[in-house]
Amino acid sequence: MNHRRSKFARIDSMGVDGKLKSVRGRLKKVYGKMKTLENWRKTVLLACVVALAIDPLFLFIPLIDSQRFCFTFDKTLVAVVCVIRTFIDTFYVIHIIYYLITETIAPRSQASLRGEIVVHSKATLKTRLLFHFIVDIISVLPIPQVVVLTLIPLSASLVSERILKWIILSQYVPRIIRMYPLYKEVTRAFGTVAESKWAGAALNLFLYMLHSYVFGAFWYLSSIERKSKCWRAACARTSDCNLTVTDLLCKRAGSDNIRFLNTSCPLIDPAQITNSTDFDFGMYIDALKSGVLEVKPKDFPRKFVYCFWWGLRNISALGQNLETSNSAGEIFFAIIICVSGLLLFAVLIGNVQKYLQSSTTRVDEMEEKRRDTEKWMSYRVIPEYLKERIRRFEDYKWRETKGTEEEALLRSLPKDLRLETKRYLYLDMLKRVPWLNIMDDGWLLEAVCDRVKSVFYLANSFIVREGHPVEEMLIVTRGKLKSTTGSHEMGVRNNCCDLQDGDICGELLFNGSRLPTSTRTVMTLTEVEGFILLPDDIKFIASHLNVFQRQKLQRTFRLYSQQWRSWAAFFIQAAWRKHCKRKLSKTRDNENIPQGTQLNLASTLYVSRFVSKALQNRRKDTADCSSSPDMSPPVPHKPADLEFAKAEA
């Protein structure tokens, strides 16, 4: 019997409205390709991180035409960013719809390695927090796309630049908030987002650099706003200036822009300003002098890298090199950079240090244990082939348990908590074993759960050898084994069969009080996991079975026992040979000469000799298929039924 669960999550459609069936069907096709629910959560979390990196690209859309002294926009960047943003938002909308009609009822466990899902829209809608739903909706609203595609081409586009900045900021915060539940789900299922310590450190460093890039993008757009403010202030100081906000657009700009704006806003460092009429650009002077505001659309990588470097440099320096003007907004922006740099740097160092320590603690323990094992093997002069097998087993056990001693951990728990934990880990698997499925008493199964112990075997390992005593009964949960016999068991040499999930090795422990001798050799073909029951555990189970359960266990034992199957095959073959023998004897009787025939003595002797010779030839021709009594193999002895010892007082 196979104990492995279904590859995909189980979907229960009870209680779902008919209108949701089509949506659910499409979602099942999308999610059907995912290995587990946890992998899907990781994918959605990665999409959220990518969305955080895409949104600041909207701030790089405005440009300054240095030849005509007017504002323009990067149309190529508009198309690319809108397409990517729409694709990611659509992906997340599918995720929102899916979780609105699904509810996770069984988180990932170390025993099952699976998550189960039940489709139940009403239950989920009642339990889902309204706050998270509102945050999800605000996060995926296509407001930036609407602004850059509709408002910017209009005449009031300079006003829409400030609107765009606040829209990006208002959606950026909900996008960060919506990542927290996903992050908690992933860490609860996997223990960490990244399994490798270097991947975890790189992830924390990436998040630190992401904030640097975000601050650089806001600095870029604020520099353009500062330039626009300077031109408008210069026009306000001149009586003959009649430029309006719309005249600063390149599609409406004329020759007056070039003549007036060419000398209206000189780029002077804040420390060198001596005249009060000179405009103070503050910390945005670097963006204006570097020319990143005036580059052509095809030079976008240059603009992006420079703004990223500015943000990384000032966050790392906590904003100490920033020289601001007396503008309140600029000073507030500098304060945010300083405080954010301090917090981000502290979080980065703390997370990296914590992640490396948590990841290396068990690795160090494994290395220390490996060194002790090597010293012991060298001290005891263990042969090289045994050393290699020991090393491979230690590595395999580490991969499966991550250094956690499961049995020691379970023994340290209180009795009620230990029983509940073991019942959750083992009960479903034990119920699928035919030998244990006959137990109707729930407490007896729970007692068996408390007694089983998990074991691991490498490939090509011997579970038990022929002629050796059987000391434990193995219940296979994963892997394949081969059971062979070198003796003439049941009249056949090298009798072989395969064992897999749900099969049992060592069922002879049910017979008698002494340890039985194994009649077969069991060897693993692949890496095998399972549970073992010791002889005392078998006696405990047998002593608590009633008469009907014992009879049912005997029938189940006959059905699944290899000895009983082999004996049944030989018994059927012997019965068939006996049937063929009787049929042949009847044919011979029909060929005899009828009595009462009048023949003389010579003819009688001649006929008798002829019939005797013909019968001898007939026996010789049919010897291979008729199975004569002398050539027929003996029927093996019937295997013994299970013997149950009486319960000890």
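Including glycine, each Cβ sits where the backbone N, Cα and C put it.
Swiss-Prot assigns THR43 and PHE69 to topological domains with different names, so the membrane separates them in that record. Highlighted: of the candidate stretches 44-64, 129-149, 163-183, 201-221, 201-221 has the greatest count of Cβ pairs under 8 Å to the transmembrane segment (330-350). Of the ranges 129-149, 163-183, 201-221, the one with the most Cβ pairs under 8 Å to the transmembrane segment (44-64) is 163-183. Assigned with DSSP, the residues of the topological domain 'Extracellular' (65-76) fall into helix, strand and coil as follows: 2 helix, 5 strand, 5 coil. PRO516 (nucleoside 3',5'-cyclic phosphate binding site) has a Cβ environment of 16 other Cβ atoms inside 10 Å.
Sequence-distant neighbours of HIS468 (nucleoside 3',5'-cyclic phosphate binding site) (same chain, 6+ residues apart, CB-CB distance under 8 A): THR517, SER518. Its Cβ taken as reference, GLN500 (nucleoside 3',5'-cyclic phosphate binding site) is surrounded by 16 other Cβ atoms within 10 Å in the chains shown.
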